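Contents: one structure, followed by commentary.
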Amino acid sequence: MTEEKIPTTLKVILIGNSGVGKSSFMNRYVNHRFTNAYRATVGTDFFSKRTVLDGETVILQIWDTAGTERFQSLGTPLYRGSHCCMLVFDVTSSASFGALDVWRKEFLVQGEPPDPSDFPFIVLGNKTDLSDREVSRRKAQQWCEELGAEYFEGSAKADMDVEQPFKRAAQLALQQDHLGGSGTFYALAAFMFFLFVFGSSINSLTIACTFQNKKLRSHLNYILVNLSVANLLVSGVGSSTAFCSFACRYFIFGSLGCKIEGFVATLGGMVSLWSLAVIAFERWLVICKPLGNFTFKPEHALVCCLVTWVCALAAAVPPLVGWSRYIPEGLQCSCGPDWYTTDNKYNNESYVMFLFCFCFAVPLATIVFCYSQLLVTLKMAAKAQAESASTQKAEREVTRMVVVMVLGFLVCWMPYASFALWVVNNRGHSFDLRLATIPSCFSKASTVYNPVIYVLLNKQFRSCMLMMLGMGGGEEEASTSVTEVSKVGPV
């Protein structure tokens, strides 16, 4: 039995003035539908279509961009990685035809194809079913010959000659497949599979151990369960969909799936991020006692968990209701907030700044402040008991673990925050789409290494997990104080 070859994914982008019928032509080709109701494309839209070329299966990822001037700034990131560009005009509008040269030049400047002189353009004339034609076939063909482009025309409304230009675009695009080699996609698919399997396993085990073992059902450990639930969301939805998409070399779940995956992964990631800040805050309250004899009660722990979800929803919901949006990012195999396009309609730049300040700077400041205060308190205790070797050892271990915790937070979120901030402040500068995939990989990897830092390196949790798996774990070690994990971290 011969092994089925993974289809190649090709990105084809449609550009041209507003109202020329880009969306209608794409919708007619992909969904075999047409509507007379005009709806201007806001920002971008995309569909995927599987087709066969000379016996080889390919996936056409077709992008439709808004044609109005205020959306032209979208081109900088969205044009990049394209394998073919279709310049669309209305044969009843000479103005739309005259604008094609501007659109073409803008694509070459902003899309930065590896070889501009050899990049394939297809010119498509729409609305040939109408009688008041202003641009003749001969005129369009003559311009295409001078340009070195191929010309097609048809009608989305009348379903005339719709399929042929897209098939030709696929043939030309197949020669421009430069988004990433098969090895890159398959390596990332393997990495996402690892994160899905180990992330789901270790976080599920953490939750199961907590509910099974009374010693772990302390309100001081609620936040660790909260962290594991958030990690399960990311690994179960984000890592799994990314694995399938990287294996197929394109995002296979469509625009609705993109919104769902982007929302769930962002929600889980934000809950995880804020949980790390709350863990630091809890330990500061318990160890440093800034409120004197204040007792941290179960209701306080539940409020802390609730706060993480409220903050996460405040970050994850806006892209669903118009403040930014969820789109394929990097190698177009996973979805996240739109941090690399400029769009007045979606206000992407303000959303990125909101994420940076509210979801990165504030939690990081909380973590640094709380752990620095915790270290000061422990150093004072160690100084007062200088003769105690165990106290000195505990101080060194806690210092080491605090450094690991802060580094873990930075490794997870610094790539995302710094790269997004760089793109926002360097509009028009080129960047490799493969590099745009790295931040997402780091954030998803936190579903594995955060449990290792906060759970497995804790004697109490580690012993209970080993006992649950039938691999030992002494009763003496398992009887460690239930407050150990929230007092000084894993030791």
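Using the three backbone atoms N, Cα and C, a Cβ is placed for every residue, glycine included.
Curation plays no part in TrEMBL annotations; they are all automatic predictions.
Listed in TrEMBL:
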DOMAIN    202-454  domain 'G-protein coupled receptors family 1 profile'
TRANSMEM  185-211  transmembrane segment
TRANSMEM  223-252  transmembrane segment
TRANSMEM  264-281  transmembrane segment
TRANSMEM  301-321  transmembrane segment
TRANSMEM  351-371  transmembrane segment
TRANSMEM  402-424  transmembrane segment
TRANSMEM  436-457  transmembrane segment
In contact by Cβ distance (the transmembrane segment (402-424), the transmembrane segment (301-321); 3 or more pairs under 8 Å): no
Top partner of the transmembrane segment (223-252) among 185-211, 264-281, 351-371, 402-424, 436-457 - counted as Cβ pairs under 8 Å: 185-211
Intrachain neighbours beyond the transmembrane segment (436-457), with Cβ under 8 angstroms and 6 or more residues off its ends: 188, 191-192, 194-195, 198-199, 202-203, 206, 224, 227-228, 231-232, 234-235, 238-239, 242, 265, 269, 272, 276, 279, 329-331, 333-334, 336, 340, 401, 404-405, 408, 411-413, 415-416, 419-420, 465, 485, 489-491
Mean of pLDDT values spanning the domain 'G-protein coupled receptors family 1 profile' (202-454): 82
